Amino acid sequence: MSYDAEARMQFLFTLRSRGVRDPRVLTAMEKVDRQLFVGGVFEARAYEDTPLPIACGQTISQPSIVGLMTQALDVQTRDKVLEVGTGSGYQAAILSHLCRRVYTVDRHRPLARSAQTVLDQLGIANVTVLAADGGRGLPEQAPFDRILVTAAAEDPPGPLLAQLRVGGSMVVPVGQSDHVQTLVKVTRHDTGYDYEELETVRFVPLLEGVELD
Ligand code: SAH
């Protein structure tokens, strides 16, 4: 199936029925053809609401979870956003339509490279992909208005909390990696941080270090 009008309508219907209601998020997701981020044999399943395997033993997230996380992040048009866990680049492509600038990092260099290639092919020019350990954040670009972590951390990483601007927020799956995790939204205030628990999710773990191939 190609991302024709019918595939798009069905895709958006599923997203809505799973709670993705923000019209800005739905419009951004309508624009980005997920099949371009899914390789080989799984291409045929690109419009199903399911996570799929990508290179380096990682996964492209389930579309409805991408939608719910993006909705929870409440990205504003002038925002500078950090994504930790580029994976396929799909989530970064969606963010690119909603804000001014996206930095996205993955610890697997081959994933960072292939994501950058797809984003370039799509003419998306406001995303920078870097191979780096995102648990340390990206100090040279901090502070960020929004941070989205798409791998599971045992706790919201300290460097990421520190790189959030006052008034900014971060969405991160928190919990043991081999269990279900809780999606947490952290908001930074003048004097500290607020934590709000959202839904239950299941992500690959946030690991340390960088893999070169
Ligand atoms: N957002 C992705 C899916 C993320 S899968 C998409 O739209 O396709 C989780 C990704 O997090 C994996 O690619 C994994 O390599 C990466 N990851 C895990 N720990 C990391 C870390 N410390 N720094 C950066 N990336 C990390």
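Backbone N, Cα and C define each Cβ position, glycine as well.
Unlike curated entries, TrEMBL annotations are predicted automatically.
Residues or ranges marked as active site in TrEMBL: SER61. All protein chains included, SER61 (active site) registers 23 other Cβ atoms within 10 Å of its own Cβ.
Look at SER61 (active site): DSSP puts it in coil.
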